[in-house]
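Copied from Swiss-Prot, the annotated features are:
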type	residues	note
DOMAIN	1-143	domain 'HTH marR-type'
BINDING	GLU24, HIS42, HIS108, HIS112	Zn(2+) 1 binding site
BINDING	CYS30, GLU41, GLU107	Zn(2+) 2 binding site
DNA_BIND	54-77	DNA-binding region
Amino acid sequence: MGTLEKKLDNLVNTILLKAENQHELLFGACQSDVKLTNTQEHILMLLSQQRLTNTDLAKALNISQAAVTKAIKSLVKQDMLAGTKDTVDARVTYFELTELAKPIASEHTHHHDETLNVYNRLLQKFSAKELEIVDKFVTVFAEELEG
């Protein structure tokens, strides 16, 4: 195995370790004293942007509805979410952030923005020609991951 392959292997493994048991890799340290899972924080962020149901959240996060239900129950218990029934179909519940949850959702959004800023700073170090190669590599790598 060549040096570049080893570097790539180390990078992928480092990313996996940093994102272990999370559904994303974010830059920036958490400022909140509230202990939530990454999934719970992501749910708060998504709900701060639009009204969603359990099913909508599961699709957006690419996780099971059971996992969303578990996360939501915990957030409701911690007074971070309030459920409201749909006026047309009472079987459908929408969740809204409480005042307690809004700063946490905002911070999670900030971490997403900061992560994109880090990527942008990294990409600015490359020429247009090099960026074409990076883009091609990322595309091919993603295709390999999908199998």
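Counting begins at 1 with the first residue displayed.
In case you wondered, yes, glycine gets a Cβ from its N, Cα and C as well.
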Secondary structure content of the domain 'HTH marR-type' (1-143), with strand meaning DSSP E or B: 87 helix, 10 strand, 46 coil
Fewest other Cβ within 10 angstroms of its own Cβ, chosen from the binding-site residues GLU24, GLU41, GLU107: GLU24
GLU24, HIS42, HIS108, HIS112 excluded, remaining Cβ within 8 Å of their centroid (Zn(2+) 1): LEU26, ASN38, GLU41, MET45, THR109, HIS111
Cα separation, GLU41 (Zn(2+) 2 binding site) to HIS112 (Zn(2+) 1 binding site) (Å, whole number): 11
Cα separation, GLU107 (Zn(2+) 2 binding site) to GLU24 (Zn(2+) 1 binding site) (Å, whole number): 15
